[in-house]
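K.L.:
After the structure tokens below, expect a handful of questions from me.
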Amino acid sequence: MSHQPAVATKMPEEMDKPLISLHLVDSDSSLAKVPDEAPKVGILGSGDFARSLATRLVGSGFKVVVGSRNPKRTAGLFPSAAQVTFQEEAVSSPEVIFVAVFREHYSSLCSLSDQLAGKILVDVSNPTEQEHLQHRESNAEYLASLFPTCTVVKAFNVISAWTLQAGPRDGNRQVPICSDQPEAKRAVSEMALAMGFMPVDMGSLASAREVEAMPLRLLPAWKVPTLLALGLFVCFYAYNFIRDVLQPYVQESQNKFFKLPVSVVNTTLPCVAYVLLSLVYLPGVLAAALQLRRGTKYQRFPDWLDHWLQHRKQIGLLSFFCAALHALYSFCLPLRRAHRYDLVNLAVKQVLANKSHLWVEEEVWRMEIYLSLGVLALGTLSLLAVTSLPSIANSLNWREFSFVQSSLGFVALVLSTLHTLTYGWTRAFEESRYKFYLPPTFTLTLLVPCAVILAKALFLLPCISRRLARIRRGWERDGTIKFTLPTDHALAEKTSHV
């Protein structure tokens with residue numbers, strides 16, 4: 001049975017602790033005093049989620065009746081506007097009842113079957129990962145089997161108790177809803193809208209298992225990028241360990257294991273950040289080359305390339321994270337005791353050699369340019385990371401977002417390349433740098449980024465860029481439709497880029 005939530009006009013004068021403080025309620029314009037004609041909603045359960053749900057429903061203009069096994073003990077935990085009573089009384093009049101109890105306690109509600117007949121039960125429970133694997137049917141389907149005369153709706157299980165209290169502005173507004181009865185879904189969807197959330201129709205109750213699996217996923221889009229970053233870190237760390245620690249110990253009998261916590265890590269982090277940044281733009285190059293080879297944009301990319309394109313945001317953010325850590329580690333280098341000993345030893349050697357002035361013009365200029373390019377690259381990466389935030393990205397139109405992520409991102413890659421080349425300077429050609437006959441680490445990191453930059457420069461050639469622009473605007477090499485690219489170069493530049 002559907003209810004239209006009444007429009008609230010005033011703020012509640014008092015909310016009981018520990019649910020939510022009064023100043024927090026007053027700061028939320030969506031929380032209002034419950035009018036006399038407000039629709040009534042029931043809640044079975046008195047846990048944390050039930051208390052937060054009652055607070056949100058009361059503030060959204062609903063009359064709330066809470067059913068508890070011990071109403072005297074739990075009444076003080078709920079808002080004063082909510083009525084806390086026994087379960088039998090709580091389910092007698094409301095048509096929509098939230099079941100905020102765990103799956104193992106569903107059977108304890110069977111005594112209420114007669115009172116619940118014909119009502120809408122909203123299941124908000126979540127299984128643990130072990131329970132999800134153990135049970136083939138979802139919690140909502142199990143609840144429906146216990147109460148066949150009721151209509152069960154799965155909803156609000158992806159919303160945390162804090163989001164219910166503080167308001168949806170700080171969390172995900174989407175509320176997946178599924179049920180076998182369209183009218184029941186419509187009623188719960190209207191309630192979700194009145195509470196400030198955005199309902200998402202997930203279909204029949206058979207989708208409840210998928211909905212219940214959503215809170216169990218731990219950053220699913222970050223799994224592959226994180227493993228990639230960790231793999232690169234381990235490889236580069238081992239490589240730097242062999243060159244900077246193991247080689248002096250084996251060939252020169254020098255103990256430099258003290259470098260492991262800071263120096264080797266600081267040498268590894270920029271390598272990982274640089275390679276990750278190049279891997280953000282490499283799939284775009286491969287996609288463009290594939291479109292040129294096929295002569296059309298209407299063929300799907302291979303699955304591995306499609307997944308790579310979808311993970312570019314996460315890879316870019318991990319690149320920024322490693323670059324930021326590299327900057328922090330670099331600031332810590334002069335604070336090390338080993339660095340101070342090196343300075344003292346250098347000063348002693350200078351005095352013994354009667355050198356009153358030690359100044360290498362080339363090294364001074366190299367370090368100044370190296371640091372400047374590093375700061376510029378990190379600043380550009382910071383801008384890319386900020387615009388990746390949903391709140392910032394939603395304020396940009398597509399052309400602005402594409403300019404920041406594509407054009408400025410490529411500028412960050414070029415700056416990082418110049419930063420690395422300046423660090424290398426002439427070191428790549430010095431025989432002493434090839435320890436254990438292994439090339440310096442920075443020469444390895446230059447391979448993929450330089451390939452991406454060269455490919456991007458190749459795509460800027462008129463003969464290639466015009467053909468690629470035509471393909472992305474719908475032209476097909478073997479198609480029957482003849483497509484003519486606009487002569488206006490500015491218009492051609494507005495075509496979307498992969």
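Note: Cβ is positioned from N, Cα and C throughout, glycine not excepted.
Curation plays no part in TrEMBL annotations; they are all automatic predictions.
As listed in TrEMBL for this protein:
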type	residues	note
DOMAIN	40-127	domain 'Pyrroline-5-carboxylate reductase catalytic N-terminal'
DOMAIN	271-414	domain 'Ferric oxidoreductase'
TRANSMEM	224-242	transmembrane segment
TRANSMEM	262-290	transmembrane segment
TRANSMEM	315-336	transmembrane segment
TRANSMEM	369-389	transmembrane segment
TRANSMEM	401-422	transmembrane segment
TRANSMEM	442-464	transmembrane segment
K.L.:
Hey, which of 224-242, 369-389, 401-422, 442-464 has the most Cβ-Cβ pairs under 8 Å against the transmembrane segment (262-290)?
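P.N.:
Most contacts with the transmembrane segment (262-290): 442-464.
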K.L.:
The transmembrane segment (401-422): which same-chain residues, six or more beyond its ends, come within Cβ distance under 8 Å?
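P.N.:
Distal contacts: 270, 273-274, 277-278, 280-281, 316, 366, 369-370, 373-374, 376-377, 380-381, 383-384, 387-388, 393, 442, 445-446, 449-450, 452-453, 456, 496-497.
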K.L.:
Using a Cβ cut-off under 8 Å, which residues of the same chain at least 6 positions beyond either end of the transmembrane segment (315-336) come close to it?
P.N.:
225-226, 228-229, 233, 262-263, 265-266, 269-270, 272-274, 276-277, 279-280, 374, 377-378, 381-382, 384-385, 388, 409
K.L.:
With DSSP helix as H/G/I and strand as E/B, how many residues of the domain 'Ferric oxidoreductase' (271-414) fall in helix, strand and coil?
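P.N.:
Looking at the domain 'Ferric oxidoreductase' (271-414) with DSSP, the answer is 120 helix, 0 strand, 24 coil.
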K.L.:
Per DSSP, how many helix, strand and coil residues does the domain 'Pyrroline-5-carboxylate reductase catalytic N-terminal' (40-127) have?
P.N.:
37 helix, 23 strand, 28 coil
